[in-house]
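Peer 1: As annotated by TrEMBL, Fe cation binding site applies to H114, H118, D323. As annotated by TrEMBL, substrate binding site applies to I151, V152, S153, G154, G155, D184, G197, N295. Taken from TrEMBL, the feature domain 'Gcp-like' applies to 27-329.
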Amino acid sequence: MRILAIETSCDETSAAVCEGDGDSVRILSNVVGSQVATHERYGGVVPELAARRHAEMIIPAIKEALARAQEGYARVDAIAVTYGPGLMVSLTVGVETAKAFSYASGLPIIGVNHIEGHIYSVLAGGVVSYGKNAESELTARFFSAPALALIVSGGHTELVKIERYGSYEYIGRTRDDAAGEAFDKVAKMLGLQYPGGPAISKLAVNGRRDAYDIPRPMMDSDDFQFSFAGLKTHVLYSVEKLKKEYGEDGFRALIPDIAASSEEAICEVLIAKTARAALANGISSIIVTGGVSANSRLRELFREAAFAYDFTVYFPQLSLTGDNAGMIGIAGYLKARYTGKYDDAFTLRANPDLRF
């Protein structure tokens with residue numbers, strides 16, 4: 001079964017072609033158009049600008065995805081599209097484009113939850129895994145046993161318990177800022193470029209992780225909830241104080257240490273909460289996905305945790321950590337295979353607050 005997939009939930013315009021056979025699925029092509037240059041000057045995503053760029057980029061992306069896969073519309077069996085959660089105006093561009101293709105071609109349409117896409121990105125191959133039972137390739141059979149997913153990005157920080165395909169339970173989420181948003185805000189305070197996560201990670205390599213005592217909000221609480229607003233506020237006040245004390249020139253020399261200390265605090269919270277949730281639920285298989293899962297320090301700490309707690313931790317290949325249509329195609333194929341259900345192209349609507 002071949003799937004044409006579309007993803008426009010935030011600021012990445014993406015189209016892909018995926019092919020599924022039984023429990024295995026592979027990505028034949030995955031075109032991702034970045035909007036970083038559009039939003040960089042604003043220090044964050046501007047929804048209206050994102051939607052406008054999606055409208056300009058989505059058709060060329062679809063054509064390129066089909067060409068790279070050496071497939072034509074006649075060789076596609078269904079269309080999968082992200083319909084939530086995300087930015088309403090961005091989601092609408094993708095959903096309405098998919099519906100138009102469905103009307104014109106007669107192909108069935110599959111609405112996909114963006115979070116499901118992130119979870120199933122580990123099935124694409126090239127997975128990075130740590131632990132005694134680590135594997136480099138997974139199939140859908142992996143999800144026949146319970147697993148825990150940490151979805152961590154600019155818009156999401158959530159812990160999802162997966163009993164089997166289609167059976168999910170939110171057991172933890174952020175009460176305020178997502179971890180990726182905290183990275184972006186701290187980067188902005190330090191005068192770094194957008195997006196902030198990669199910029200902080202790059203600087204942190206040359207910084208001291210223990211240089212500043214950055215708080216770890218809620219790290220020791222008994223629940224599995226997250227909070228990063230307090231960390232962000234602490235860094236803001238610290239930056240203002242250090243600038244007054246050292247001046248602008250002196251402050252610049254401190255930026256690597258602040259970046260490293262902030263990165264360490266955010267990563268330690270993510271590790272601690274995920275490990276606690278896994279142990280409390282008797283789960284040994286952990287999936288870490290989303291844009292922040294590309295962070296090298298986070299991967300290093302999860303590797304240590306895997307052996308310390310006897311977990312097996314899986315990360316998607318780096319090219320699939322951010323928003324992309326390849327993961328949406330995988331999730332769409334699994335939905336069609338395991339439920340046999342398709343959506344009504346006339347009634348499918350974008351849902352920015354979609355949950356499982």
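Including glycine, each Cβ sits where the backbone N, Cα and C put it.
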Peer 1: Give me the mean pLDDT over the domain 'Gcp-like' (27-329), rounded to a whole number.
Peer 2: 95
Peer 1: Compute the C-alpha separation of D184 (substrate binding site) from D323 (Fe cation binding site), stating it in Å without decimals.
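Peer 2: Here the two Cα atoms are 16 Å apart.
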Peer 1: Translate the DSSP assignment of D323 (Fe cation binding site) into the three-state scheme.
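Peer 2: Where D323 (Fe cation binding site) sits, the three-state DSSP reduction gives coil.
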Peer 1: Could you round the CA separation between V152 (substrate binding site) and D323 (Fe cation binding site) to a whole angstrom and send it over?
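Peer 2: Their Cα atoms are separated by 12 Å.
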Peer 1: Going by C-alpha distance, which of the binding-site residues H114, H118, D323 is nearest to G197 (substrate binding site)?
Peer 2: D323
Peer 1: Of these binding-site residues, H114, H118, which scores lowest on Cβ atoms within 10 Å?
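Peer 2: Comparing Cβ neighbours within 10 Å for the binding-site residues H114, H118, H114 has the fewest.
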Peer 1: Could you state the CA-to-CA distance between G155 (substrate binding site) and D323 (Fe cation binding site) to the nearest Å?
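Peer 2: Cα-Cα, rounded: 11 Å.
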